[in-house]
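Take a look at the structure below.
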Amino acid sequence: MAELTALESLIEMGFPRGRAEKALALTGNQGIEAAMDWLMEHEDDPDVDEPLETPLGHILGREPTSSEQGGLEGSGSAAGEGKPALSEEERQEQTKRMLELVAQKQREREEREEREALERERQRRRQGQELSAARQRLQEDEMRRAAEERRREKAEELAARQRVREKIERDKAERAKKYGGSVGSQPPPVAPEPGPVPSSPSQEPPTKREYDQCRIQVRLPDGTSLTQTFRAREQLAAVRLYVELHRGEELGGGQDPVQLLSGFPRRAFSEADMERPLQELGLVPSAVLIVAKKCPS
């Protein structure tokens, strides 16, 4: 049976004549499939229906084939013979094949668009994951910097406490030296005049014992206690510093000043008392002190 030309087939499938001619020309008359691909890809172009300026037969510098010449308007056959007409059944069969080809092309285009959409979605998710990872890295860097800052502040605080302890030790050494000088410069005690010989050794008055150390127990507000031995001539400030350095973090961790109290008799030690030796405050040889938070002045 006679075959429809590419142009006739496109027109039979419902494409406008001008658009079909343009598709064949721009694809170099490579056949109906190439023309249909072009038509489906450019169906939404605003200039798709604009006519070509050059003759259809000379597109891309190519001479049309004999079958294409038969489909060009105004061109006759080389021998001048007429083209046999298609029967209605042949025309319907060829139209059916063309429609199936169009449907196949449509399915291929939909599958391609679906693959492209899936690829765009994968790209979007990948970019989202990369952005989330970048944010997490930034957060980790900030947390690391904050931890380093806390460690630096802690080291500076410990260094400051060490300087305070060293100063207290120097002050204690100076006071010990001062005490030693003043005690040595005191005149020797006057010997009492001899009295009557006691009738029994048990009647002699007890000798007062001098203590060089004292044991201090400090009760904290949470019910726990600290126990430490100090020299009798150390200042009460040394006890307060020891408490501030060793009490738990939940009690302030050395951040707030503390008030020292004695239980029996009840007494609150003042700042002036902090400069006095433990033996002078009556805390030798042992004593129990109570810690309370110092009220702001």
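Quick reminder: no glycine exception, Cβ is built from N, Cα and C everywhere.
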Candidate annotated in Swiss-Prot as phosphoserine, out of Ser66, Ser199: Ser199
Summary of DSSP states over the compositional bias 'Basic and acidic residues' (86-122), given as helix, strand and coil counts: 35 helix, 0 strand, 2 coil
List of residues, in chain order, with Cβ under 8 A from that of Thr229 (phosphothreonine) and at least 6 apart: Gln213, Cys214, Arg215, Ile216
